[in-house]
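As structure tokens, the structure follows; a few thoughts come after it.
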Amino acid sequence: MTEELDLMGQDSDGSSEEVVLTPAELIERLEQAWMNEKFAPELLESKSEIVECVMEQLEHMEENLRRVKKEDLKVSIHRMEMERIRYVLTSYLRCRLTKIEKFFPHVLEKEKTRPEGEPSSLSPEEFAFAKEYMASTDTYLKNVALKHMPPNLQKVDLLRSVPKPDLDSYVFLRVRERQENILVEPETDEQRDYVIDLEEGSQHLIRYKTIAPLVASGAVQLI
């Protein structure tokens, strides 16, 4: 696999740019997205373009293997790598669906109030799934419980009833790009805010809310 793939990215001002990646760099991007999604308490920005490119690359690899003799040792090695990639891809998508099911009212509310130009947390398919899941949940609650209750109790606010993602939870991270003057909020009223520098390659245990923007920018990697 030596050919390059085109991936659309975004500049800091929100404008689109085309990023050219090798297959190895593409898989690295997928693994980074997978680890971040796995350990972040909230649903992160959708990486649907990476997913689509990986699926296309898997199809291309499958086509190449059909041209190779089955007795060739390379076939077994490449198939093992394909299965590994499929596992990472499937795990990434399953993790996102689990979060959507767990936090669906908040995910949809965030999407509804998302400023224009800001990356979406949902792919079109995930957005459709979240809306259908919310509608099904609402219908189920009405048919099973709410219709049997007094009229003044037949409405439920899902935004208040479903817990929000715990952004105050702690996460492990590895610093990919040096960061200066990161403001850390105190854990108790007796403490004060303080500032830290994150050195490239260093690892930390820190409150997710503090470094959420750095996860989004790729400056740190959750581990």
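Every residue, even glycine, has its Cβ placed from backbone N, Cα and C.
Note on the coiled coil (44-71): residues 1, 5, 7-8, 21, 23, 26-27, 29-30, 33, 36-37, 78-79, 82, 85-86, 89, 92-93, 96, 119-124, 126, 215-216 of its chain, located 6 or more positions outside it, place their CB under 8 angstroms from a CB of the stretch. Here TrEMBL flags 44-71 as coiled coil.
Marked as domain 'GINS subunit' by TrEMBL: 71-144.
Per TrEMBL, domain 'DNA replication complex GINS protein SLD5 C-terminal' is recorded for 165-223. As a summary of secondary structure, the domain 'DNA replication complex GINS protein SLD5 C-terminal' (165-223) carries 10 helix, 25 strand, 24 coil according to DSSP.
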